[in-house]
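Notes for the one structure printed next.
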């Protein structure tokens, strides 16, 4: 059986929330550790719940050995596509383990894959998960000798998750469009060599990289030290080369395509931006810890004169 063109794997609570808005794509599926993120809007035929789990409680260390052996069966049920998008949150306990395990399995199998992920900033344990998940993705890149490319949705205090989800939905839609194999001049190997740029340029160290998606050439041009660029143009006469990438590929879209999101789209991969992302999350965690260290431990309201039983009752 031939592969689907673009498979989308939506993992954990973040993946469930984002993916429910993209079910128009026939090759999108969900995986989570409990049913608490499943709503009436989810197509249950696409939902895979891991066995022996009732959520993760943001505990990645607890969850990893439970879900790791279940992912191969999930991938057998929903095989990889020519291109694969893995969607998850960095800061939880389910998606941040399921997602990287899927990425690792796909990378080991030589599949093309990109990640769309969102950080969490609401607690120190969440920020620590963000940090550890990024480190995990860097580790997967080193272990598989393949770059791991993430489109990161930045979580900002005061911005509702619904707004962040909109950015993720647009970016996933854009990636589905890019990898649809329906653009003039853009074939499957062009996409493979763009996302797996170290195949042809082995002087570049495989590591965690960041994918910047924009419908504005000026904005795309501002991405520092671009390694690989893919662009879509609805009007071939507007094609303009920019940046200093190792890899550049271009597709010309059909203006009548209902999936046309903009007259141009640019997908720029670099690695230098990961350092600032990692630094920002680390700084936010340190700021929370600095505030928490000033918390006061109150004195106990029980004292030695209370008539207290061995099991804690005061009578």
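Placed from the backbone N, Cα and C atoms, the Cβ positions cover glycine too.
Listed in Swiss-Prot:
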BINDING   13, 14, 93, 94, 95  GTP binding site
SITE      187  site 'GTP hydrolysis'
SITE      190  site 'GTP hydrolysis'
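Feature map: annotations from Swiss-Prot on the structure.
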| residue | record | DSSP (3 states) |
| --- | --- | --- |
| 13 | GTP binding site | helix |
| 93 | GTP binding site | coil |
| 187 | site 'GTP hydrolysis' | coil |
>> I need the CA-to-CA distance for residue 190 (site 'GTP hydrolysis') versus residue 94 (GTP binding site), whole Å please.
In response: 33
>> Let's check the environment of residue 93 (GTP binding site): how many other CB atoms sit within 10 Å of its CB?
In response: 26
> How big is the Cα-to-Cα gap, in Å, between residue 93 (GTP binding site) and residue 187 (site 'GTP hydrolysis')?
Replying inline: 37
>> With an 8 Å cut-off on Cβ distance to the 13, 14, 93, 94, 95 Cβ center, who else from the chain surrounds the GTP site?
In response: 11, 12, 15, 32, 33, 37, 56, 88, 89, 92, 96, 98
>> Sequence gap of 6 or more, Cβ distance under 8 Å: name the residues on the same chain that satisfy this around residue 13 (GTP binding site), in order along the sequence.
In response: 32, 37, 89, 92, 94, 95
>> Taking only the residues the record lists as binding GTP, namely 13, 14, 93, 94, 95, what is the largest Cα to Cα distance between any two of them, in Å to the nearest whole number?
In response: 11
> Between residue 187 (site 'GTP hydrolysis') and residue 14 (GTP binding site), what C-alpha distance do you get in Å?
Replying inline: 31
